[in-house]
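Chemist: Dumping the structure here so I can ask a few things about it.
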C-alpha cells in the first residue's frame with residue numbers, strides 16, 4: 001500500500017505533467033484528493049506539492065480548479081504561519097513548557113527517570129537561516145516588513161518552506177552593514193531589491209533567494225544587471241552587441257551627405273553607411289551619423 005508521502009508526490013507529478021501539457025483534465029479529482037488528506041508541513045516540504053498546485057492555479061482558466069487550488073494554498077499557508085510563529089517565539093526567548101512537575105515526579109520515584117533522547121523537530125525546514133539581530137530603528141523595521149512581503153509574493157515560500165521574516169531580516173542586515181546608515185543609498189538599495197523580488201517576469205530570482213541558492217549577503221549587494229531575468233539579460237546583451245556594431249560601422253568610413261536631417265539637432269551634416277544586415281534579397285540597412293551632435297539612427 002502506498003504511503004501518504006508517496007501518494008502526495010504522485011499527485012504532484014501528475015499536476016506537473018498537466019502544467020507542462022497545458023491541460024487541466026482530471027485536475028479537480030487530484031485537488032479533491034489533496035483536500036481530503038491531512039497534510040503536514042513536513043509533507044509539503046518533502047514533496048513540494050505546493051509549487052505544483054500553485055503552478056496549476058496560475059495556468060488554469062477553469063474557475064473551479066483555480067478556486068480549489070487557492071483554498072488548498074491558503075490552508076497550507078496557515079501551517080507555515082503557525083510554524084513561523086513558534087520559531088519567532090523561540091528566537092524572542094518566549095516561555096517554554098515547564099518541566100517542574102516532571103522533575104518532581106522523577107525525584108519521588110527515581111526508577112521512572114529515563115535517559116533523554118535527542119529530540120527531532122516535528123516540522124523540519126528545508127531552508128533555514130541564522131538568527132537575525134533585532135533592530136529598534138523604525139526605518140529598518142519598515143524595510144524588513146516590506147522585504148518580507150516581497151518574498152511572500154505568489155506563495156512560493158509556502159512550497160519551499162522558507163521563513164520569510166527571518167530571511168528578510170538577514171537581507172536588510174547585510175544591506176545596512178554594507179551601506180553603514182539608513183540614508184538615500186540604503187533606501188535605494190532596499191527599493192531595488194523590492195522591485196526585483198516582486199517582479200512577475202522574474203520569479204526565478206525570488207525562488208533562488210527563498211531556497212538559499214542566492215544568499216542574503218549576495219542579494220544585498222547584487223546590481224540591477226545581476227538581478228535581472230535571463231530573458232532581460234539576453235535582450236541587453238543583444239542591444240550591446242548591436243550598439244557596438246553600429247559604432248564600429250560608423251567609424252569605418254561612410255559617405256557625407258546633406259540628404260538626411262538629424263532628429264536631435266535638426267542639422268543636415270551627416271555621414272551614412274549602407275550594410276547588408278539580412279539576406280541578399282532584403283533591402284540594405286542604412287546607418288546614419290550626425291557629424292554635428294553625434295546622434296545615430298538607422299533605417300531600411
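For all residues, glycine too, the Cβ spot is worked out from N, Cα and C.
Remember, predicted model here, so these are calculated numbers, not experimental data.
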Chemist: Which residue range, 36-83, 84-131, is the one Swiss-Prot calls region 'Disordered'?
Modeler: 84-131
Chemist: Quick test of your reading of Swiss-Prot: among 217-257, 258-298, where does it put zinc finger?
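Modeler: Feature zinc finger in Swiss-Prot: residues 258-298.
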Chemist: Give the number of CB atoms, excluding that of residue 290 (Zn(2+) binding site) itself, located within 10 Å of its CB.
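Modeler: If we count other Cβ atoms within 10 Å of residue 290 (Zn(2+) binding site), we arrive at 21.
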Chemist: Taking the Cβ of residue 293 (Zn(2+) binding site) as the centre, how many other Cβ atoms fall within a 10 Å radius?
Modeler: 13
Chemist: Which are the residues of the chain, 262, 265, 290, 293 excluded, whose CB is within 8 A of where the CB atoms of the Zn(2+) site average out, their centroid?
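Modeler: Once 262, 265, 290, 293 are set aside, the remaining close residues are 263, 264, 266, 267, 269, 270, 291, 292, 294, 295.
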Chemist: Can you check what DSSP calls residue 58 (ubiquitin cross-link), collapsed to helix, strand or coil?
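Modeler: Looking at the DSSP assignment, residue 58 (ubiquitin cross-link) belongs to a helix.
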Chemist: What three-state class does DSSP give residue 290 (Zn(2+) binding site)?
Modeler: strand
Chemist: Relative to the Cβ of residue 265 (Zn(2+) binding site), which residues of the same chain, six or more apart in sequence, are found under 8 Å away?
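Modeler: Correct list: 290, 292, 293, 295.
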